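Note sheet for the following structure.
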Amino acid sequence: MNDLMSQAVDLMIAGMGFVFAFLVVLVFATLLMSKLISRFAPPEPATPARTPRAKPKAPASVDPDTAEAIKKAIAQFRSRHKK
Amino acid sequence: MNDLMSQAVDLMIAGMGFVFAFLVVLVFATLLMSKLISRFAPPEPATPARTPRAKPKAPASVDPDTAEAIKKAIAQFRSRHKK
Amino acid sequence: MNDLMSQAVDLMIAGMGFVFAFLVVLVFATLLMSKLISRFAPPEPATPARTPRAKPKAPASVDPDTAEAIKKAIAQFRSRHKK
Amino acid sequence: MTLWTGSGLFNIEIGQVVMIAIGFLLLFLAIRKGFEPLLLVPIGFGGILANIPEAGLALSAAENAIHMAKPEVLAALASALDVSYQSGQVVTAEVMDAFKYAYKEASSAELAMANGLAQDFGYGNGMLYNFYTVVIGSTVGPLLIFMGVGAMTDFGPLLANPKTLLLGAAAQFGIFGTVLGAALLDWLGILDFTILEAAAIGIIGGADGPTSIYVSSVLAPHLIGAIAVSAYAYMALVPMIQPPIMKALTSPEERKIKMSQLRPVSKQEKIIFPLVVLIAVVLFLPDAAPLLGMFCFGNLMRECGVVERLSDTAQNALINIVTIFLGLSVGSKLMADKFLDPQTLGILGLGIVAFGVGTASGVLMAKLMNKLSKEQINPLIGSAGVSAVPMAARVSNKVGLEANPQNFLLMHAMGPNVAGVIGSAVAAGVMIKLLS
Amino acid sequence: MTLWTGSGLFNIEIGQVVMIAIGFLLLFLAIRKGFEPLLLVPIGFGGILANIPEAGLALSAAENAIHMAKPEVLAALASALDVSYQSGQVVTAEVMDAFKYAYKEASSAELAMANGLAQDFGYGNGMLYNFYTVVIGSTVGPLLIFMGVGAMTDFGPLLANPKTLLLGAAAQFGIFGTVLGAALLDWLGILDFTILEAAAIGIIGGADGPTSIYVSSVLAPHLIGAIAVSAYAYMALVPMIQPPIMKALTSPEERKIKMSQLRPVSKQEKIIFPLVVLIAVVLFLPDAAPLLGMFCFGNLMRECGVVERLSDTAQNALINIVTIFLGLSVGSKLMADKFLDPQTLGILGLGIVAFGVGTASGVLMAKLMNKLSKEQINPLIGSAGVSAVPMAARVSNKVGLEANPQNFLLMHAMGPNVAGVIGSAVAAGVMIKLLS
Amino acid sequence: MTLWTGSGLFNIEIGQVVMIAIGFLLLFLAIRKGFEPLLLVPIGFGGILANIPEAGLALSAAENAIHMAKPEVLAALASALDVSYQSGQVVTAEVMDAFKYAYKEASSAELAMANGLAQDFGYGNGMLYNFYTVVIGSTVGPLLIFMGVGAMTDFGPLLANPKTLLLGAAAQFGIFGTVLGAALLDWLGILDFTILEAAAIGIIGGADGPTSIYVSSVLAPHLIGAIAVSAYAYMALVPMIQPPIMKALTSPEERKIKMSQLRPVSKQEKIIFPLVVLIAVVLFLPDAAPLLGMFCFGNLMRECGVVERLSDTAQNALINIVTIFLGLSVGSKLMADKFLDPQTLGILGLGIVAFGVGTASGVLMAKLMNKLSKEQINPLIGSAGVSAVPMAARVSNKVGLEANPQNFLLMHAMGPNVAGVIGSAVAAGVMIKLLS
Ligand code: NA
Ligand code: NA
Ligand code: NA
């Protein structure tokens, strides 16, 4: 077995060992986190204040007036449709 | 009073003096500008030609055909609604 | 005729010659391409698989439910309109 | 073994632990308390990244090489940085300090050489170091944010009532008063500051993020982390800091003053106003040209009506991209050796003074103007002169409504609010002119 | 005192006043007259910023240091730039000129050293100087614009009638005719030009903004301001420049020629066409590879149908960001010492000649093609070969409608219109190959 | 004449013809076959551009100068690069090789000097060379992509069933197994690899594009073209590579295992999870900090709910811009002298082994977990641990549906799928730590 081969084997042992160690730790940390949250945190957190400058990117492409009219039209259509 | 203190006082005097001077100038410049515009400029300027490559970013998400149909539907709905 | 003048004449001859040569080649290459495509390629190619991460940028601003209701409303409107 | 000796747990220092905790605190304030999250989320996260032991994300290639302290690398760096160190010499704490000091004092030619050598040895600039160099070191980041803010600013209320510019001027007393405060702390022997540091701290009183970052990157880059955190945190706290001061300085009658509705402002006035500001900059204060120039450029793109696609990009994609990098870059300066210093406490303490003084000056200026003019203004809009757009204007409105439920001050307060942005940029220009 | 002696009013020079006025004129043309506002708003604003006295926004760190002329700084720069100046020597106008000349002629190693020294003394690169270096100095800006233009271009009309490529070829006579015109002015002793300058001026006749900026940044960077302004201004004036020429060269009968409807073009043809152009570039003109390569890449992204998100970004966020910086960078070259020169008048005069010659050549080529082929084309679409997309095609349509209200030439004119873009890029490649 | 002797047709080499054909092949696969088009369209196009003869788009200024081989330029470069060449000496093939070798081995100071000299002689960096330096050389490109991917990732399914992280760990055996495979090829004398090259090739098994590009840019930049092409091509082939392996390793009964519905995951868990990952990185693996740090930052922006505009930009404009440049930059490494090498065949062969081994390890790990725990999981979701988001999860779902039409595995497979992303980033950190 040449030098590269032994380096590769060393790398595999260290690497897979570390990857498993890291992700096993993460499994337990995640379980712990979920447990702590479900115990201490309120189930539905208060919505934090939105930053004022973050105006919504995608403006409603239909103006509110029209939108309401459409809604009414649909409601009317549906009520008729049911009959 | 040490050196830093006197530098800070100098900075304050020069700074606040300049800030006020600059903004006072700006007050008068703005008043003058508004006066000149209201006197010389037409109240409603001709809309300048739009640049051709500046195509609208947010394309209408409803195609014109549909849009027109919707408009008619709404108009029809409204005319009925008033009755 | 000075040196710059003769350089400019040379540049024009080489330049216009090359521009025409290049675009004439392009005319024939384009004609050949169109001929080959119309002969060998299927008239309507199978739509290639879309890349999964390329989620549509402009989300439908009207939700599908509403959209369908609108479509029906329009269809209904049209059917009435024809009468 | 390398994995263990190179791990964070093996190498972490107490300072880094504290700084990472501060990073999480900033994230908590931003996410749960809504403290200026657009900046504090990236700043907090960048602060955590900068303090990951051994990762060296906020260090240059040469700093990383010095930290690793391999004798042959140090020997090479010694010649570039003019440190007396021979190959094979034991690497003591003094030797390390000598290298760090030499790096800090190096000329740009020496830095280039040292970083080149470190790269030849396989070290690289940390990710955050690169971000900082490109975004803040070049000053381009804060300027682009300012351009975007300009493209988001409506000068209409200011144009309808230009007198309110004076309120924006008065509130800048917060800046210079704080410089005086820093000098006082220095005089009393409580803390040490240079005039450059004092000026950079003062700019917190401008209540304007990009201006604060720009000025401190020019005058005192080592304080940029503390100054930016202080500025954004207090901007978020404006609804708590301002009302008591406003109420203490005004009588209930003054708070009830109703202001006449603002006149409509024509499109032309809005187009020409940024050019008027630009001309004033050209004539009187070239050192404010980068900040106010970009601000006016953004506003002109907004108002001129023929480059919507550029204006839209300046207000969205571009400002967002720059904000991400700017926040991470500021966070990269939240390193223990620079942040865990009594100066930082001083900066946090002086910062709240700055906001208070600015608020008070604005209110008092409004009262003074009422003395001198027949047309009465509600002194509550004076506090909006500190900037903190649009939070301060909303505070004016809210306190006004408490005094008189029919009295809507929001639009009136927007005038001094944006005037405060111009005012701090002018103050920034003056300080850079006189001190750098 | 520093505030006054450092103010713009104290230091402003007449040249700067004139250039600032020109900046405002460009803004006026862009905003009120609709002259290519996407570029002329940033260019005009950048021109004003570049001429703010003492701000040095368009100067490098070393240029700013030389301008400030502190003896100890000059002494340090003297060694880097190989100027004979001793510390303490009086700073005369000749000394200043010696430094400026040495800076202009310096090698890249000397420049790096001089700028490093200037930074050690606290001077920095101006904001616009940085923009120019990154966006135009590296040539990346015009190339990205070209990529975006490619992503916006529909080659359908061209593919339906490939013969119209020849009209795009003929119109390039405007480029080379203008080179000849510049040589003529030089021969007559009216103005001095080098062949590089003449070629860079000629490219105005390409009627294509990014191509003009790219070519002049390679061949004659000092003329880039005048050339870009001239190119964009005349592109905006196409509806005034072209119709008289078109009418003079055609009979009413020719103008009434109706063209048969274009055949539908398949998706595959549109996908493969940019690759065909790319192969032609590979085989025949590597020097056009940056321009045409990016153009074809943009067009392939548009047509291939599987990378819409990239195509969308290339057409929107990316091109807008680059446009902002490109415009400001071009504006940074609107400095008095370079722009207020008889050459600029020559450039403005030759520019309109370029457009006129290109228009005439396109129309005459169309008439020649009608002589040689049975299938008649309306010679009015020849003028669209100058590029100026899509303005020139609209002009063809409008003049056609005047002759025959049923004759819609728009789609027919789009073919030569985009062919003109390819044609000018090829001409640019030839000039760069032969001259640089 | 210059036009002809400088044309592509006159200068093209057989290697360039082959590479251009490979570029077209990549475009064909991307556009017609839908192989990861977002990356392979720019990579393929960049590969074509990089191989345009005489254009030098992927070369630095000094490399372009060496290629042109003007004696006076070579004489100047000889002193900078320490090559023995006198002005006037005949330029033989050996001389050229000496220059190319010296350039490759030059220190960063020598490179800076050589490139500066070349620029003084009028040569410039190629466009693609600049893109590569800025986007990949600085490592910023892959990191920003990773940030965007983080902002697009929903950790919900993983949080509902954290055990699936182990499947993502097991699948990383594909990485290290491939390193072993490369070492085996070297041992058998079939191909030569260094350990750095072997590790860089192994990362293909991570089935994650930005991780592959990041690792190979750090460990073996000369292989980046082949590695990236291999990684993206096999990611596209996942629906063909995985199913046979999955079916061979599982019984029909195992494939029919129904998994219980995932529990709902609260907003807080989603916000805090990226911070938990970050803490683990801080404590255990600083070398994974750039990759996982940016990934967690992107995910925090997504989940925290207060910076939507930043999250949106990270997922759209920013990632698209970076993707365009990253693809072209990777393509710039598709040059004949580096790609047309037996190593490339080895990389392509090892790449498919890597995917196969990773798939098998994931499935076997799932079976092992079923042995050790009562709660049964369907082993088909193990294959999703290789990453290749979201393709591998869809494959799990599809194969599951074939066995039992009522068994929807998609959401269950998303857990190991995103775990695989974390797993490969950890593996990348380990390899960088141990080898660089
Ligand atoms: Na302010
Ligand atoms: Na053209
Ligand atoms: Na993976």
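In case you wondered, yes, glycine gets a Cβ from its N, Cα and C as well.
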Stated TrEMBL location of transmembrane segment, expressed as one of D:109-130, D:131-152:
D:131-152
Counting only residues 6+ away from its ends, which parts of the chain sit with a Cβ under 8 Å from the transmembrane segment (D:219-241)?
26, 29, 33-36, 39-40, 43, 47, 136, 194, 196-197, 199-201, 203-204, 206-209, 212-213, 330-331, 333-335, 338-339, 343-344, 347-348, 351-352, 354-356, 359, 386, 388, 391-392, 394-395, 398, 431-432, 435-436
Counting only residues 6 or more past its boundaries, what in the same chain has a CB within less than 8 Å of a CB in the transmembrane segment (D:413-435)?
146, 149, 153-158, 160-161, 164-169, 171-172, 175-176, 195-196, 199, 202-203, 205-208, 211, 214-215, 218-219, 277, 281, 285-289, 291-292, 295, 362, 380-382, 384-390, 392-394, 396-397
Counting Cβ pairs under 8 Å to the transmembrane segment (D:164-184), which of D:38-62, D:131-152, D:271-297, D:317-335, D:347-365 comes out on top?
D:347-365
Using a Cβ-Cβ cut-off of under 8 Å, list the residues of the same chain that are 6+ residues beyond the ends of the transmembrane segment (D:131-152) and lie near it.
58, 125, 209-211, 213-214, 217-218, 221, 224, 274, 290-291, 294-302, 311, 314-315, 318-319, 322-323, 325-326, 328-330, 332-333, 389, 421, 425
What same-chain residues lie close to the transmembrane segment (D:271-297): Cβ under 8 Å, and 6 or more beyond its ends?
139, 142-144, 146-147, 149-150, 153, 155, 158-159, 210-211, 214, 303-305, 421-422, 425-426, 428-430, 432-433
